[in-house]
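The structure under discussion appears below in the form of structure tokens.
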Amino acid sequence: MSALFISDLHLCEQRPVTLRAFFAFLQGPARSVQALYILGDLFEYWAGDDDATPLDNAVSDALAALAETGTSLFFLPGNRDFLLGESFARRARLRILPDPTLIDFDNEGVLLSHGDILCTDDEHYQSFRRLVRDPAWQLAFLERPLAQRKQVIEGLRFQSETAKQEKASDIMDVNAFAVETLLREHGYPTLIHGHTHRPAHHVHVVDGRSCERWVLADWHDDAPYLRWDGAGPPVALRFGAKLGT
């Protein structure tokens, strides 16, 4: 099996270079593998599937075109786009996964997550996450007028950016105990996640067993991704955005 893993693109009109990189990526590296896994924060924010902007439509069309070539598409929601639903998924021809999701990758267990569930030192954020991930809360929120939803989201984004300036850097990273607990609960797999914007390859020894953890990079003026072919180990690569190479 061959697959690419990406996260934290934060697509929006204000980031045209990232948009160009993403569309080029879908026409390039993504067509050379069997599966593409998008592990959250594909969009800068998502107010609901009824907010069909030209950008959103262009992204869904590009993903659907990739699916037409035979690449299977999977999306695991992030903290910015957890309201993305089945309507968009149908248009984009992708499957939405729960967080976390354990997959069988050539007879090896691989655990996928956006990664924010591991940042347990940030107790304020975890309380907020539990609230907004509750299905009842989401249903009530999506029943509000679109303009009101977008206003609320803009306010939350401002609060989030302000709070980041006041938080210690370490509480916004993953908690080692949370990582080890998750690995133990899922049979000591390889873990792939994003969210922290701290790309790295870690090895955790849990109950005497070595478990790899790959942290995906966020996108700026290039397009970082993790490629994994069944015959070898994962490889972190970058697809040049500005040059399209």
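Keep in mind that glycine also has a Cβ here, set from the backbone N, Cα and C atoms.
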Open item on the list: Starting from the Mn(2+) 1 binding annotation in Swiss-Prot that includes ASP8, HIS10, HIS197, which of ASP41, ASP49, ASP229 is the extra site residue?
Closed with: ASP41
Open item on the list: If I go by Swiss-Prot, which of HIS114, HIS124 binds Mn(2+) 2 at the same site as ASP41, ASN79, HIS195?
Closed with: HIS114
Task: Additional residues surrounding Mn(2+) 2, by Cβ distance to the ASP41, ASN79, HIS114, HIS195 centre under 8 Å - done: SER7, ASP8, LEU39, GLY40, PRO77, GLY78, ARG80, GLY115, ASP116, GLY194
Task: Other residues, Cβ within 8 Å of ASP8, HIS10, ASP41, HIS197 Cβ centroid (Mn(2+) 1 site) - done: SER7, LEU9, GLY40, GLY78, ARG80, GLY194, HIS195, ASP218, TRP219
Open item on the list: If you count, for each of the binding-site residues ASN79, SER160, the other Cβ atoms lying within 10 Å of its Cβ, which residue has the minimum?
Closed with: SER160
Open item on the list: Can you give me the same-chain residues 6 or more apart in sequence from ASP8 (Mn(2+) 1 binding site) with a CB-CB distance under 8 Å?
Closed with: GLY40, ASP41, GLY78, GLY194, HIS195, HIS197, LEU216, ALA217, ASP218, TRP219
Task: Pairwise Cα distance for ARG80 (substrate binding site)/HIS114 (Mn(2+) 2 binding site) [Å, integer] - done: 11
Task: DSSP three-state assignment (helix, strand or coil) for HIS10 (Mn(2+) 1 binding site) - done: coil
